[in-house]
Amino acid sequence: MRSIFIVPIFLLFLSSCSEEKTQNKNQEEKQIIVQETLQNNNTSQEINQEAVNSENAAESIVPANDNNQTDEVSTPPSQEQKNPEIKPVKVTFKVDDNDMVLGNKKSNVIVVEYFSPTCPHCAYYHQTIFPELKKKYIDTNKIAYVVREFIATKQDLDAAILARCKGDINSFVQFHNIILQQQDKWAYSNKYRELLTDIGQLGGVPPEEYKQCLNSDKITETLIANTNFVANAPKFIGTPSFFVNGVQTGNYSIDSISTAVDKALEEQKEKAKNEMSL
């Protein structure tokens, strides 16, 4: 099933990451040291905080509404699909059941990040820019921050499946962080699947469970739908890309994203004030 979409999707993966991937493919294969990362960073502490934010977010820091976005894309059911329980995945710029969400799920200011596991710019963003954004808007429950995948390569697909394998936000954040931190050690290796399997096992996903997830229609169709949806956005040129209530930001700098978020927060406050005065 995957082979029918990887090639056309790959053509959409443009300037943001192409040069870096070409250069890195020629690097000498490195040995991955995942255990050291798991022991020496404070990922688990951040995971717990993010999970608490997602599950126990304040209900009305910014009042929720149902009128944020209207565009949606539905992926057609596969002709080869045999499982009648798998339904076409519908994607919008709102929060849905398939999304991995940090912060306040009920906020009506929704920031959607599109990233690729093999994208060097995405790794840079998460290591240098995201922590400040998280502290300012996510930890304070001001926004719903949705992390979605753009699948450009087979490596992207397999890494994204590993991150979603357990299905909960804690596990997703753990693997999301490690996959990006260790990107140069697995993404361009001929043994990338073996290295991802090692990452999974050290993070609590045994090889057999990872194999089952790789064969999961539900996970794969979610990733396909996420990718196809953003690929149809008029201004989408690559990853990372950000949308605030459906409007794409200029770039992935802290200033650009903060300006867009602050504007959306102010608009929602004014809207709430006007509704109360009626």
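All positions are counted from 1 along the displayed chain.
Cβ atoms here come from the backbone N, Cα and C positions, even for glycine.
Of the listed cysteines (Cys122, Cys165), only Cys122 is recorded by Swiss-Prot as the disulfide partner of Cys119. DSSP assigns Cys122 (disulfide bond) to a helix in the three-state reduction.
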